[in-house]
Structures are given as structure tokens and as C-alpha cells.
Amino acid sequence: MNSVSTSAFGPVAFSLGLLLVLPAAFPAPVLPGEDSKDVAAPHSQPLTSSERIDKHIRYILDGISALRKETCNRSNMCESSKEALAENNLNLPKMAEKDGCFQSGFNEDTCLVKIITGLLEFEVYLEYLQNRFESSEEQARAVQMSTKALIQFLQKKAKNLDAITTPEPTTNASLLTKLQAQNQWLQDMTTHLILRSFKEFLQSSLRALRQM
């Protein structure tokens, strides 16, 4: 596998992000992607919970964009006409009308459950990405750890935790083994589809969370 060069979303951003998100869900005064003045600047209002979620998701999206750029630069997967076939073999989370996240039929509680459940389902795919970027593994790790922190924070906002579905560890382990056993072309295509789908899911989540 060709290695991927490290972009601006690299070691420094990763190290800072990892230190901030590991202890708990957003326990530190400064989140990844935030400047300290955004949190407690003199003579200014600190960011609200919603604003911090917004900024945190955009931080993750920046990381995804960097990884997608590297993926597209090293292969033609972003332009492949065969991606629909590969996508049929994946079960990537998507937003639907019944999830209550769209403007029409918006339901805050139902939508929040969908967002959290979807993020939990994406975790196995983010784990798969950890072995796909030799030189940019820190970027993939930062996206993964920042997503874990986002899940923890959103779970604290949810009113109906019992409605949140958590994937079975054995199912995830089996899926991960299956993905890693694919041939090189399918692994490259899977990487592209995961990044694209996760970006779309986060963008939809961000729009919905701004209504909450």
C-alpha cells in the first residue's frame, strides 16, 4: 500500500486533540479546533454547549476532508464508476425521513437517538481506517478519538438512552475481519466510501443539531 503524506491536520493537531478528548466527554477547557479565547476570553461570553458541539463536529469534518484528499490523490477511487457496487456490500449509517432529523418532520429526541446510534455504528469503520494510512495514521486516529468524545457528550444530552442501539462487539469484530480481508481495490474503495459517507452523516447531524 502506498503511504499517504501527512497534511496540516497532523501530529500537532492529533496530539492536542487526543489529550483533550481522552479523559472524558469534553472535560478540558479547550476542545480540538478551539482557541482558548473562544472558551474563557476576558470580557467575552464563553461558547455555549451547542456552539462547542458545532465547532467540534467541524473539527472532525476538517480531518475527514484531509484524509479524503490524500485518498483521492493516491488513487482514482473518487471518480470510480464501480463505487455503487462496493457500496452495496457496506452497511454505512444514513439519515432517513423516519429519523426525524430533516426539517420536515423534525423530532429532536428521535433525531438525537439516530445521530448517536449512527456514530456508534461508524466506530467499526473508523477502526478500519486506522490501518489504511501509514503516514497519516495520526489524522485517522484524531478523527476516531474526536468522534468517541462527541458520542459521549451527545449521550449526556439524550433523554432516551434505552432507545440507542449499540453494535455487538462480536459483530463488529467479524465485520472488521471481513473488511480487512478484501483485495486491495476493494479496500481502497471501502476507505473512500467510509470517508464520504461519514462526512455526509456528520453534515446532516450538524444541520439537525443546530435546530436543537
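Cβ atoms are placed via backbone N, Cα and C, with glycine included.
What Swiss-Prot says about this protein:
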type	residues	note
SIGNAL	1-27	signal peptide
DISULFID	Cys72-Cys78	disulfide bond
CARBOHYD	Asn73	N-linked glycosylation site
MOD_RES	Ser81	phosphoserine
DISULFID	Cys101-Cys111	disulfide bond
CARBOHYD	Asn172	N-linked glycosylation site
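Overlay of Swiss-Prot annotations on the structure.
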residue	record	Cβ neighbours (10 Å)
Cys72	disulfide bond	14
Asn73	N-linked glycosylation site	11
Cys78	disulfide bond	14
Cys101	disulfide bond	24
Cys111	disulfide bond	22
Asn172	N-linked glycosylation site	18
Inter-residue Cα distance where the pair is Asn172 (N-linked glycosylation site) and Cys101 (disulfide bond), in Å: 26
Cα-to-Cα gap, Cys78 (disulfide bond) vs Asn172 (N-linked glycosylation site), nearest whole Å: 26
Separation of alpha carbons, Asn172 (N-linked glycosylation site) and Asn73 (N-linked glycosylation site) (Å): 29
Rounded Cα-Cα span from Cys72 (disulfide bond) to Cys111 (disulfide bond), Å: 32
Cα-Cα distance linking Cys72 (disulfide bond) and Asn172 (N-linked glycosylation site), given in Å to the nearest integer: 27
Coarse DSSP state, helix versus strand versus coil, of Cys111 (disulfide bond): helix
